[in-house]
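Quick look at what TrEMBL annotates:
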type: BINDING; residues: 16, 17, 18, 182, 314; note: UDP-N-acetyl-alpha-D-glucosamine binding site
type: DOMAIN; residues: 10-156; note: domain 'Glycosyltransferase family 28 N-terminal'
type: DOMAIN; residues: 206-373; note: domain 'Glycosyl transferase family 28 C-terminal'
């Protein structure tokens with residue numbers, strides 16, 4: 001293809017936010033870039049009807065079509081084996097569906113952001129002869145992307161260390177783009193958070209999150225420590241809807257001088273960029289998306305990996321940032337009330353150390369990841385076919 005007024009893009013990937021939101025951010029970046037060149041973008045997103053991708057695509061006004069697929073589980077127990085056997089039976093039907101969809105839509109390029117939902121369309125791209133750009137968010141290739149890597153036209157990696165997990169023949173097709181994050185994160189207004197939550201801009205603010213659903217472990221570490229921490233900082237605690245009522249009752253007995261420094265919210269949606277801008281330290285899990293956001297905006301953090309995760313991915317993520325001087329990692333042995341105090345209190349008393357961690361976080365980040373991945377997708381789409 002040498003010239004066009006419309007680029008047709010097929011997108012696949014999802015199941016979790018880690019696979020879904022990088023895809024959405026990249027789609028929006030591509031659309032903005034092409035509009036500046038008087039070129040339209042025609043997008044169809046393929047996934048499962050129950051996956052996060054279905055809701056996200058609908059909210060963004062993106063055409064969404066379902067593909068049958070099954071999840072291959074790493075666990076070897078009999079229950080998982082039985083479920084995997086049922087799921088594997090869906091793969092041939094899903095592949096046939098995907099081939100038919102690509103022949104109908106005739107995309108110039110397929111972009112896959114991983115997850116088991118991406119396998120049928122990624123394989124179909126090779127069968128039909130459509131270029132495939134796959135993106136990996138974590139440090140080692142996920143199972144779906146390991147399947148697709150050999151046939152991918154281009155492989156976008158979030159981390160240079162991921163090169164080692166690629167098949168040797170695929171490494172020459174790989175480029176490190178970073179992991180796309182939402183552009184709104186760069187426009188946070190700290191004063192908006194101080195106003196909305198009645199916080200003191202001159203007192204350090206710690207933002208605590210266990211993800212959208214919250215984390216019982218992180219919630220417990222915080223509530224057990226409030227009398228020790230609140231003399232030194234303010235805490236904005238996003239606890240998850242399911243935990244909110246219980247924690248509200250638990251913290252109702254805080255003394256007045258402590259209570260005015262503690263804010264409890266069930267979840268955060270549109271105000272996240274403002275909260276991150278106002279925060280001096282973030283306490284969170286260490287998923288790939290979270291770390292991409294924290295490093296892109298240069299935010300020091302205390303990371304509490306979710307254990308176990310496949311391949312201990314969150315633990316490796318946290319240890320990598322700790323080695324870079326951008327974060328502190330509390331593993332299964334140190335994620336205790338005492339361990340949290342030992343990590344957090346010295347940081348609260350040392351602004352220079354927080355600034356150093358912020359610089360290290362920013363150095364580890366890729367704030368232009370969405371632009372890099374968008375450029376790779378468009379370049380691949382415009383490459384003349386042979």
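Just so it is clear, glycine is given a Cβ too, placed from its N, Cα and C backbone atoms.
A map of TrEMBL features onto the structure.
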residue : record                                        : contacts (Cβ under 8 Å, 6+ apart)
16      : UDP-N-acetyl-alpha-D-glucosamine binding site : 52, 115
17      : UDP-N-acetyl-alpha-D-glucosamine binding site : 52, 212, 289
18      : UDP-N-acetyl-alpha-D-glucosamine binding site : 137, 138, 287, 288, 289
182     : UDP-N-acetyl-alpha-D-glucosamine binding site : 21, 25, 273, 293
314     : UDP-N-acetyl-alpha-D-glucosamine binding site : 285, 286, 287, 305, 306, 307
In three-state DSSP terms, the structure that residue 182 (UDP-N-acetyl-alpha-D-glucosamine binding site) belongs to: coil
Counts by DSSP class (helix H/G/I, strand E/B, coil) across the domain 'Glycosyltransferase family 28 N-terminal' (10-156): 74 helix, 27 strand, 46 coil
Across the domain 'Glycosyltransferase family 28 N-terminal' (10-156), average pLDDT on the 0 to 100 scale: 89
Site diameter for UDP-N-acetyl-alpha-D-glucosamine, Å, by largest Cα distance between 16, 17, 18, 182, 314: 21
